[in-house]
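A.B. asks: Here you go, one structure.
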Amino acid sequence: MPTDLPCVVTDCTNNIAEEAKYLVGVGRADCTGPVAQVPLMGYANPNQVGGGLLSRLYSRAFIVAEPKGSKRVVFVSADIGMVSQRVRLEVLKRLRSKYGELYRRDNVILSGTHTHSGPGGYFQYTLFWITSKGLVQPALSSIVNGIVKSIDIAHENMKRGRLFINRGTVENSQINRSPFSYLANPESERNRYSSNTDKEMVLLKMVDEDGHELGLISWFAVHPVSMNNSNHLVNSDNVGYASYLFEQEKNKGMLPGEGSFVAAFASSNLGDVSPNTRGPFCANTGESCDNPQSSCPVGGAAMCMAKGPGNDMFESTRIIGQNIYLKAKELYEKASQEVTGALSSAHQWVNMSNVAVELNATHTVKTCKPALGHSFAAGTIDGVGAFNFTQGSVEGDPFWDQIRDQLLGEPSNETKACHKPKPILFNTGEMSRPHPWHPDIVDVQIAAIGSLAILAVPGEFTTMSGRRLREAVKSEFDSHGTPGMNVVIAGLCNVYTHYITTYEEYQVQRYEAASTIYGPHTLSAYIQLYRGLAKAINATQELSPGPEPPLFNVTSVTLLPSLGTESAPAKKTFGDVLEEVRQEYQEREVAKVTFVGANPRNSAENATQHNFLTVERYSNISSSWRVVLNDASWDTRFYWSKGSRGQSNVSIEWHIPAGTEPGVYRLRYFGHYKKRLSFLRVITVPFEGSSSAFHITAP
């Protein structure tokens, strides 16, 4: 192997005769960031800005290493919408400065869970600035710091361990939200599968050499959109709730977010997969809108919304999350197939706007400069778009095309022809002010841990796209002497490039196809590229590193309101109670208190470890208060509402679960406010508040 490729392909041999014992490390770190005023990332709805906290966001890191060599693989699953190129490049830079060449672009996979309820603003490409109010440095820093810290913790906790793999079917937790696109795939292909979604969960269990439990990674395809676009509370959605349940069970007696056991519920080929299992209904009439345009007779596409299994989005999140958790628990307990063999990884940067794809011996096609179609603006049944756009648009609209031409410029004939039948709404590949609107240089990556191959994909593959990719890579491994590989797709990795549909689904031009930014042959290009990575891992093909992506010289460009000085109402101070709790509650009731508050962004920007709230129980034995819940609990809710003249309120709710121990409790609030000392000097002052004590009585 040439000496100039050490970081691109590592240890490309899989024929180890004896069982390998690995070194295994796990780590978890907070990556929540600002919970107020920052637009949430996922639905592209500028009105959906943070206004509080339902659950904390975490980065979960897993390191597997060969005990007697330098070969290692890092997998990170972070509770964020997706990993951006900016996040990836900054994380790799930090790792290089700390660990040298130990953690590199080829052996570090960064994957986002795809929650749509985390802060945005961590992108360097212009398109994502529009709904995120620019590049929000506190959000970016929180994510980068959290990912690096989780890797640091995993690195420090490495110990001899064993890995086990299991797989099983998850029922009643997903539907295909673009079934009419799926039906465009060949019938012979569809007949090979029992469902139009991938119901299989793949689970990797980690224990130390004494059998003590360390953690798990689960890969399962479902959109974390149980919380809809009317939500303003930062949270990790259904897969985050599954992590919470598993970690709470294994870290007995610990507060949420604490304890050594780490459970990641990572994303997979979720492109067309919704958790809103009751399907799409017209919000105004209640009738089904499960049609090719996802449109209602009155109100059009804007009225067609899917419903989850619960009575509201909070209950739906818990139902789907619990379904996923229960299957993972079953697979974890029964996991007996040990993962053994060498570690290897392959990575390449590729200019995805210009990949030549050999379809067969006589036909070569190309990918396109990035562009989004009209149906992109229609949104999905999980989060509808704006104006009168509908899914399935294969012709442009003269009105919108004219506005586009005047504001953004007309797409070139070459780009129009390349993307057919997509009518182009945003020709992002030809827009470069103030920075390019979309990435050209994209990461493709595979990491193999013995018999497990993780395909790190830079976007959202649909169900059938994922099946084709897995099958192609598996056949590549089979034909090069490593049969029986467990091939999993890890979604939303390394750089975000929207969706990847099949060629046939692309012709239908629903939302996922309109968002397949590199044109109709995107999937074929990725299959070709990932086959190349598999060949490299099997030492049958060398890889060039590819063109390095840019890191734009921008630190903070934001339209967020600045953090000014704040004030309390007359005769009140920060942390004073405005609305008190009741004296008595029973389980399944909601204890609520409202305080004189301050902007939560003050806390995110001034404290590395900050809890906005605690639920505390009085102990008669020690005559003291003991914290029983923190703001990472799914039973608490933290709401911030901005008033006038620099004033704001904070409300804390505790949704008292069944089985809560009777006793005396209180709710506490911790915040920071800005105070002006002089014309040039403003300081941040911590404060706290507490409700009165209240009783929870036995039912």
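Backbone N, Cα and C define each Cβ position, glycine as well.
Sharing the feature lines straight out of TrEMBL:
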DOMAIN    22-528  domain 'Neutral/alkaline non-lysosomal ceramidase N-terminal'
BINDING   His114, His223, Glu460, Tyr499  Zn(2+) binding site
ACT_SITE  Ser274  active site, nucleophile
DOMAIN    531-696  domain 'Neutral/alkaline non-lysosomal ceramidase C-terminal'
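Would you situate these features in the structure and describe their surroundings?
C.D. replies: Cβ neighbours of His114 (Zn(2+) binding site) (same chain, under 8 Å, six or more residues apart in sequence): Gly42, Gly81, Met82, His223, Pro224, Ser267, Leu270, Glu460, Gly491, Leu492.
Here Ser274 (active site, nucleophile) comes close to Gln174, Ile175, Asn176, Arg177, Val222, His223, Val225, Ala306, Thr380, Ile381, Asp382: these same-chain residues lie at least six apart in sequence, with C-beta atoms under 8 angstroms from its C-beta.
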A.B. asks: Are there any residues at least 6 positions away along the chain from Tyr499 (Zn(2+) binding site) with a Cβ closer than 8 Å to its Cβ? List them or say none.
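C.D. replies: Listed in sequence order, they are Gly271, Gly459, Glu460, Phe461, Thr462, Tyr511, Glu512, Ala513, Ser515, Thr516, Ile517.
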A.B. asks: Tell me, roughly as an integer, the mean pLDDT over the domain 'Neutral/alkaline non-lysosomal ceramidase C-terminal' (531-696).
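C.D. replies: Taking every residue in the domain 'Neutral/alkaline non-lysosomal ceramidase C-terminal' (531-696) and averaging pLDDT yields 93.
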A.B. asks: I'd like the Cβ neighbour count for His223 (Zn(2+) binding site), meaning other Cβ atoms within 10 Å of its Cβ, all protein chains included.
C.D. replies: 27
A.B. asks: Cβ within 8 angstroms of the Cβ centroid of His114, His223, Glu460, Tyr499: which residues besides those meet this for the Zn(2+) site?
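C.D. replies: Result: Ser267, Leu270, Gly271, Val273, Gly459, Gly491, Leu492.
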